[in-house]
Number of protein chains: 2
Amino acid sequence: MTSPIPAGFKMGGFHSGVKRNPNKEDLSLIVCDQDTVAAGVYTTNLVVAAPVVWDRARTPSDKIRAVITNSGNANACTGEQGDKDNAELAGIVANKVGVSADQVLTMSTGIIGHHLPMEKIRPGLDEVFQRLGTDESNFEAAARGIMTTDKGKKVAARECEINGKTVKLIGMCKGAGMIAPNMATMLAVVLTDAKLNPVQAKQLLTDVTNDTFNCITVDGHRSTNDTLLMLASGKSGAGELSGESLDKFRAELHQLCEDLAKQIPADGEGSTHVIEINIEGCKNRDDAFRIAKTVADSALVKTAITGGDPNWGRIVSAAGYSGVSFDPMGMELIVNGHLLYRQGTPVKFDEKTVSQSIKDSFETDVTLKFTEGDTKVRYWSSDLTVEYVKFNSEYRT
Amino acid sequence: MTSPIPAGFKMGGFHSGVKRNPNKEDLSLIVCDQDTVAAGVYTTNLVVAAPVVWDRARTPSDKIRAVITNSGNANACTGEQGDKDNAELAGIVANKVGVSADQVLTMSTGIIGHHLPMEKIRPGLDEVFQRLGTDESNFEAAARGIMTTDKGKKVAARECEINGKTVKLIGMCKGAGMIAPNMATMLAVVLTDAKLNPVQAKQLLTDVTNDTFNCITVDGHRSTNDTLLMLASGKSGAGELSGESLDKFRAELHQLCEDLAKQIPADGEGSTHVIEINIEGCKNRDDAFRIAKTVADSALVKTAITGGDPNWGRIVSAAGYSGVSFDPMGMELIVNGHLLYRQGTPVKFDEKTVSQSIKDSFETDVTLKFTEGDTKVRYWSSDLTVEYVKFNSEYRT
């Protein structure tokens, strides 16, 4: 964190008792100084949590005043009671801010199918309001308050000059398991002091999500709660964005979201490698994306990387069953800069050198080139380890 | 094995040295007494092995005289040399039988991207011809000769009365990893003494594959070599099949293929559970199949079963991201006979009892009911264990 907090927001975190560990915040609150532009993108899972239903109906907006997040409980598959609990959460926060419940957005993350422990959250809300502030420490507490199985907080910051003013962007996200690319795939909040209207905010968010939060996977399992929110206070003084200034802002937002998104597979449950998959030479984005996703989700590709094994047959065969039509003879595979496969035949390479290059680095680069066109896609996955299986088979037992 | 071998076939297996362990057969040969009807279904992976290309071009047929399979090397991604090696394999067998190479089908399974060690296979072919026979022991040696990471041979047999004669069916298959539903998904051979024409044989095979070999997964990774062959000698004396007799035969073939198919996820690499997924109440087969496949492939569902954890949120959320449109409020989940979820809300159930029922049995039954129609699908998956990850990250390193 080198950049300070954009003007217009106060934030904080608090441990209310939803999580067992008393040192871990489980409430995260952002309060806006005045009515604020907000947009969101959400999971496309048919089975959605109460807060997703709530936020979808209330964004984009130019009247948002707060975002309250609880971690440790997803409030998903909780029926009518889940909707009531969520509305109560928004209502309590709204009362304290002195606005209507419709001006409060909510997010939840954690275990599915359990009712929110409101008896712990209600008093916790009083406390989190006491802890609001505009320092980095407040932001970091808020970022910890949205974590579940994450090893640490995931934050990023950017700034740029627009019309002679400094425009700031700051973001937090969480996610380590149940991660698949589909709109948002985790919880994330971006705060900026840029001046945007709700339609612009929504469009910007959709644009950058496609190449960032939509291009990551841990286990291909899409969550019920995925939410990415952006709040824009307009307090930078840079005025409304359009043309070149809007492009400049979009580039910064893109980089911020990429910085945040990559932290998720890098922290994938049990992961020992983040795998960057570069797909080049495809006919269109959809084709490139499908190949990338198929390679990224293959348990056999993931375990090969875990073992430092340049077992390229697994990568090439995964591309082959992606459902995309391509000339198999035109496919070329490069791992960490080493050519492993070309024109339908194995290439002679030093297995030990490639294996060592995988073992020596936390990031493995897998590049697949095709001869169908000139579309590229980048995608990030985590490897699959004994620890992932242990963790997820012993999650509750 | 209670049923003897159908008339018209000799078979055997031999260790030629492709596999390191001298006690493991790596060649499997079936020779037909005369020109025989044969049909096949194959992988739809774009990247296919040389033997798949060879067999596809030569089936269905009524002139097949032999099937030669090698295990330990897939002859996939091996370019022109791979095609030459495969043609040589077929040619050697054809010479020995005294027919043309076009009358010999080939299958290969094992590591991708290495040329066949022909210097080991050539002398091995002499030997395997010495070991041909019509006893169960010959059949079992042939069944072992197609194995790779399988813990044991996978065989099944059926018989039925048609027109006063006994019609026999016998089958072998292999597969434990790199298993996903797509036409065949492994190597399998069915032998029968029923009288079929090539078109009938192909149609029967396609019919039964949809509900058997197409409904299994281990890791969702589709192979380059998947092949299912059926050879029909016509020697039962039951005459040509049509109408009722054809239906009777189809039912036996279906059961045989189901018996074989289920053995694959049951022997999934490292698996401690086979998961039978029953999807009911869908609008059509495609919807039911997509939901089943999504649940079956979820690493989080698999690891929950590994741990004996009735973590139903993972199952319900997997159905939700299958891409199938359904009413989430109409979904109902039953695990091992226990209702866990209904009408969008958790159901009170005894977690310990359900957990114990998962732990106590090798087979876990997961039933998801919908209210969209009356189509059902059954699907089989294996769980995901520490041993799967260890095995596949240490496969070659």
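Just so it is clear, glycine is given a Cβ too, placed from its N, Cα and C backbone atoms.
Listed in sequence order, A:G177, A:E269 are the same-chain residues six or more apart from A:N392 (substrate binding site) with CB atoms under 8 A from its CB. The substrate binding site annotation in TrEMBL covers A:T148, A:K174, A:T185, A:E269, A:N392, A:T397.
For A:T185, the entry in TrEMBL reads active site, nucleophile.
Under a cutoff of 8 A between CB atoms, and with a sequence separation of 6+ in the same chain, the neighbours of A:K174 (substrate binding site) are A:S71, A:T109, A:I146, A:M147, A:T148, A:D150, A:K154, A:M186, A:L187, A:A188. Of A:T148, A:K174, A:E269, A:N392, listed as binding-site residues, those near chain B by the criterion of a Cβ under 8 Å from one of its Cβ atoms are A:N392. Counting Cβ atoms from all protein chains shown, A:T148 (substrate binding site) has 21 others lying within 10 Å of its own Cβ. In this structure, A:N392 (substrate binding site) is part of a helix by DSSP.
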